[in-house]
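Novice: Pasting in a structure now, in C-alpha cells, and then I'll have a few things to ask.
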Amino acid sequence: MLKALFLTMLTLALVKSQDTEETITYTQCTDGYEWDPVRQQCKDIDECDIVPDACKGGMKCVNHYGGYLCLPKTAQIIVNNEQPQQETPPAEGTSGATTGVVAASSMATSGVLPGGGFVASAAAVAGPEVQAGRNNFVIRRNPADPQRIPSNPSHRIQCAAGYEQSEHNVCQDIDECTAGTHNCRADQVCINLRGSFACQCPPGYQKRGEQCVDIDECTIPPYCHQRCVNTPGSFYCQCSPGFQLAANNYTCVDINECDASNQCAQQCYNILGSFICQCNQGYELSSDRLNCEDIDECRTSSYLCQYQCVNEPGKFSCMCPQGYQVVRSRTCQDINECETTNECREDEMCWNYHGGFRCYPRNPCQDPYILTPENRCVCPVSNAMCRELPQSIVYKYMSIRSDRSVPSDIFQIQATTIYANTINTFRIKSGNENGEFYLRQTSPVSAMLVLVKSLSGPREHIVDLEMLTVSSIGTFRTSSVLRLTIIVGPFSF
C-alpha cells in the first residue's frame, strides 16, 4: 500500500515537473482560426459569414474546422454519427456550419474544394475520417481545438497542401504563380488562390477544352454602332465614311465636313454621313462635285439678249450696237440722238431713225418750187415750167426696222384739200422699180402704202406717191406728190 502511494506521488511529481518545464505562451493561431482573448484559446473562423460568394455554381457553403466546404444543395449531413438527414438547402452563399458535413474525399485530402472551399491544414482539421456512401460522402471527425502556434521560432508546424511555414511560424499561402510551380499553359493566366491556384484565359478569350480561343465580340451584338472589327483578344469599332467614333469608342457621330475640312469651292451643306457642294448663281459643279465652273449662259441660249450676249464670271450681260441702249437688262432701245446730241447744222433738221440719225435740209424745195409756210414745195402757176410738173411736193421721212415682216402697212397718204365733183386716184410714181411696195386706196381721199418685200438695212429708199385729181366734168386736172424717204435701220429691233 505504501509502495503504491509512493509511486502515485512520484508520478504526480513528474507530471507537475513536466508541465512546468513545457509551459509555452500561445498568442497566434493557424490559418482558419483566430485568438479569442476572453476564452484564451483559438477559435474557428466562419468563412461562410465573412467571404462574399464563397461558393460558386449553385453550391452551398458549410463551415469547417480551419476552413469551409462547398457542397451541393441536396447533400445530406450526418451529425455525431447519427442517421443521415435531408438538409434544406440554404440560400446561396450563406453559412451552414455543423459538426459533421458532407464532402468529397478529394476535398479533404487536397484542401482545394469545388466552388472555392478549402481546408486550412491537416493539423487544424484534426484528422477527419472520410467514408463514401451511395449518394453522399460522410466525414466523421472529432472536434478538436486548432493547433496553436508557439512563440518558439524553432518549433515546426505542419501546413496543408498549398501552404508553407513562415518565419513567424504561421502557415501562409504559397503563390504558385510567382514561384512558377503552376501548370498553366502559355496562353493562360495564372491566378493565385488561398492554398491553390487557377488557370484562366486572358480577357477577350474563353476556355475551350484546355485551350484559350478568341472571343468574337462582333458576333455578340450590339457592341458597335456601325461596324465591328474582331482582333485577337479584343475588338474595335469602325464608322462608315462621313462618321467618326465618339468618346465612348462605340457610337458613331456625323462628321460636319463643312466645319472640319470644307472642300467645297463655294457653298457647303452638311448632311448625315456626307456633305454636298453647291455653287452660286451663274456657276455649276464640275465633274469632281467640289469645284464650281462658270456657266456660259451665252452658249446655252441665243435668246438671252436682243443683240449680243457677253459672258462674265458667274453671270452674263447684254450689249447693244451703237445708237441703242440696253433696257430691262436684255432689250435694245433706239437712242433718239435728235433729242440728245446731233451734228446737224442750223439749216438742217435732224431725223432720228432706228439706230442713228440723219440731217436733212430744212428747205428741200428745188427750182422752180418754192417753200410755203405749210412746208410744202409749190410750183407757181405763173411759171410755164410748172405746167408739166406736179403742182406741189411734200417731203416726208420715216424709219423702219431691217427685215420687217411682210406684207405690212407702213404709210398712209391723204388729200389735204378736197374739191367738189372731183375724183382722186393714187399711184407710186417712182422708187418701186423692184416691186417692194404696193399702194392700196382706202377711201376717195386716202391710200395706204404696203411693204410687200422685206428690206434689209441700213439703207435709204425714196418713193414718190402721187395723187391725181380730175374734175368729174373734165374741166381740170392736177397732181400732188408726196416724196417719202424710208430709212431702213441696220437691225431688226
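Glycine too: its Cβ is placed from the backbone N, Cα and C atoms.
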Novice: Cys344 forms a disulfide with which residue in Swiss-Prot, given the options Cys332, Cys338, Cys359?
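Specialist: It is Cys359, per the disulfide annotation in Swiss-Prot.
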Novice: Need the cross-check against Swiss-Prot: the disulphide partner of Cys292, picked from Cys277, Cys279, Cys309.
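Specialist: When Swiss-Prot is consulted, Cys292 turns out to be bridged to Cys279.
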Novice: Swiss-Prot pairs Cys177 with one of Cys159, Cys190, Cys199 in a disulfide bond, so which one is it?
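Specialist: If we follow Swiss-Prot, the cysteine bonded to Cys177 turns out to be Cys190.
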Novice: Among Cys298, Cys318, find the residue that Swiss-Prot gives as the disulfide bond partner of Cys305.
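Specialist: It is Cys318, per the disulfide annotation in Swiss-Prot.
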Novice: The domain 'EGF-like 3' (214-253): mean pLDDT?
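Specialist: Its mean pLDDT is 92.
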Novice: Using Cα coordinates, what distance in whole Å links Cys268 (disulfide bond) and Cys228 (disulfide bond)?
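Specialist: For Cys268 (disulfide bond) versus Cys228 (disulfide bond), the Cα atoms are 31 Å apart.
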Novice: Quick one: which of these disulfide-bonded residues, Cys177, Cys264, Cys309, Cys359, Cys377, have their CA within 10 A of Cys201 (disulfide bond)?
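Specialist: Final answer: none.
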Novice: Restricting to the disulfide-bonded residues Cys190, Cys239, Cys264, Cys359, which ones have a CA within 10 Å of the CA of Cys199 (disulfide bond)?
Specialist: Cys190
Novice: Tell me, which disulfide-bonded residues from Cys177, Cys252, Cys338, Cys350 are within 10 Å of Cys344 (disulfide bond) if we use the C-alpha atoms?
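Specialist: So the list reads Cys338, Cys350.
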Novice: Give the residue counts of the domain 'EGF-like 2' (173-213) per reduced DSSP state, in the order helix, strand, coil.
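Specialist: Per DSSP, the residues of the domain 'EGF-like 2' (173-213) fall into 4 helix, 18 strand, 19 coil.
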